[in-house]
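Here is what Swiss-Prot records for this protein:
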- Asn175, Glu241: Mn(2+) binding site (BINDING)
- Ile178, Tyr179, Arg180, Arg192, Trp193, Leu194, Arg197, Gly198: prenylated FMN binding site (BINDING)
- Asp290: active site, proton donor (ACT_SITE)
Amino acid sequence: MDAMKYNDLRDFLTLLEQQGELKRITLPVDPHLEITEIADRTLRAGGPALLFENPKGYSMPVLCNLFGTPKRVAMGMGQEDVSALREVGKLLAFLKEPEPPKGFRDLFDKLPQFKQVLNMPTKRLRGVPCQQKIVSGDDVDLNRIPIMTCWPEDAAPLITWGLTVTRGPHKERQNLGIYRQQLIGKNKLIMRWLSHRGGALDYQEWCAAHPGERFPVSVALGADPATILGAVTPVPDTLSEYAFAGLLRGTKTEVVKCISNDLEVPASAEIVLEGYIEQGETAPEGPYGDHTGYYNEVDSFPVFTVTHITQREDAIYHSTYTGRPPDEPAVLGVALNEVFVPILQKQFPEIVDFYLPPEGCSYRLAVVTIKKQYAGHAKRVMMGVWSFLRQFMYTKFVIVCDDDVNARDWNDVIWAITTRMDPARDTVLVENTPIDYLDFASPVSGLGSKMGLDATNKWPGETQREWGRPIKKDPDVVAHIDAIWDELAIFNNGKSA
């Protein structure tokens, strides 16, 4: 097996274990609160993925903290380290707006990208692992799966890493999305998808085209890492997550037709839930501890009725928890940050860096550094960030700095804010914009304001005053002091602190 390509989740786990990145837990641990506590402590310490082999009351192992470090996210995407994810972003930028080769040399340079496109179509199989065991009808019982309850005030056990597969009535491609699902019965879950997400849009279109008809849905648990990460990556709207997973993996994504509907699911998945949403059937969802660090409000979402469960004979249940950062979604955000940069740079070449601090709940605050070219440039970039990718629709704060500022160093960013900003002149407030409905700080659910901070040096037209010049050291003096530094012996070991 190629060390950076995995046929399924188990290939990935084998490699993680070989590299000391997976720990098997044989001690019985309760999926009710205890697994979360262990996973949270492990993640905060930068520890390994965890395979709980004996969850209390269940025969099925629980996999947690799989993408608990940026390194493991990069490995899941087939890369050696996080910095290599910029190449994934460049590929996505190319796919979002492909340009024809400008000549033979350009064609040669782009040949690897064109060759990767050959891996985009899916490959349909039969007799696959995810259908080794099939239960249906009254035999369906979700309570046999060790679904975790993560926090003391959570309403019920919650599926967190399910890849929900849908298809709109007018679309060729399927949509893969990750939406949490509350357990409310032996064969019923609440599908919490926000109205702008792909699955919800497919459902809305289905209801309009097929009034009163059941909407087919399938949920895959424990897919291969490329498919899982494809579902959380900002792929272009015209590109299937399966196609992108094929690009990441370097081989076509293997799928199988579901038993009860025409949807296709990852052939190597550990567990697949098949069923439907009855139009008009909803239930109150929550409260749940969320990635914000708070319990969210209760709201109504569609009910997913499970008619079939297909799985491997010895299936593994893949799960996670969400809470105040750092959590697994925050770690994913840190890694995927590197994917976003080339996509934004293709549209806005003046962007030098783009950073989503994990403590900002992964997407609520962004810091952008630019090569400023004209007065008002920072405000254009703010508007671009909010509008170019739908992933930043809910970003509340955008800070724009010059390229002499390190976007990832709060010391630099705060220095720029406090020395280059006038609060009245350089603050942009935009009201009545889309906001995450989980953001209880907004005055209305789903609608709130955004703030842009222009922390760049001001150009003529933006100020009438003489602008400050940053202090710079004399390079000759620096070189001389470097030469005599050890001789000064200011520190005991003769070296700089």
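Here the Cβ of each residue, glycine as well, is placed from N, Cα and C on the backbone.
Fair warning: this is a prediction, and the values are worked out from it, not measured in the lab.
Swiss-Prot feature annotations superimposed on the structure.
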{"residue": "Asn175", "record": "Mn(2+) binding site", "Cβ neighbours (10 Å)": "21"}
{"residue": "Ile178", "record": "prenylated FMN binding site", "Cβ neighbours (10 Å)": "20"}
{"residue": "Tyr179", "record": "prenylated FMN binding site", "Cβ neighbours (10 Å)": "22"}
{"residue": "Arg180", "record": "prenylated FMN binding site", "Cβ neighbours (10 Å)": "21"}
{"residue": "Trp193", "record": "prenylated FMN binding site", "Cβ neighbours (10 Å)": "21"}
{"residue": "Leu194", "record": "prenylated FMN binding site", "Cβ neighbours (10 Å)": "16"}
{"residue": "Arg197", "record": "prenylated FMN binding site", "Cβ neighbours (10 Å)": "18"}
{"residue": "Gly198", "record": "prenylated FMN binding site", "Cβ neighbours (10 Å)": "21"}
{"residue": "Glu241", "record": "Mn(2+) binding site", "Cβ neighbours (10 Å)": "25"}
{"residue": "Asp290", "record": "active site, proton donor", "Cβ neighbours (10 Å)": "21"}
Neighbouring C-beta atoms (10 Å sphere around the C-beta of Arg192 (prenylated FMN binding site)): 20
Distance from Leu194 (prenylated FMN binding site) back to Glu241 (Mn(2+) binding site), taken between C-alpha atoms, in Å: 18
Rounded Cα separation (Å) that holds between Tyr179 (prenylated FMN binding site) and the residue listed as 'active site, proton donor': 13
Cα-to-Cα gap, Arg197 (prenylated FMN binding site) vs Asn175 (Mn(2+) binding site), nearest whole Å: 10
Pairwise Cα distance for Trp193 (prenylated FMN binding site)/the residue listed as 'active site, proton donor' [Å, integer]: 14
Inter-residue C-alpha distance, Asn175 (Mn(2+) binding site) and Gly198 (prenylated FMN binding site) (nearest angstrom): 6
Shell of the prenylated FMN site beyond Ile178, Tyr179, Arg180, Arg192, Trp193, Leu194, Arg197, Gly198, same chain only (C-beta within 8 angstroms of their C-beta centre): Thr164, Gly177, Met191, Gly199, Ala200
Leu194 (prenylated FMN binding site) to Asp290 (active site, proton donor) - Cα separation in whole Å: 15
Maximum Cα-Cα separation in Å among residues Ile178, Tyr179, Arg180, Arg192, Trp193, Leu194, Arg197, Gly198, which the record lists as binding prenylated FMN: 14
Reduced DSSP assignment, Ile178 (prenylated FMN binding site): strand
Cα separation, the residue listed as 'active site, proton donor' to Arg180 (prenylated FMN binding site) (Å, whole number): 11
DSSP three-state assignment (helix, strand or coil) for Glu241 (Mn(2+) binding site): helix
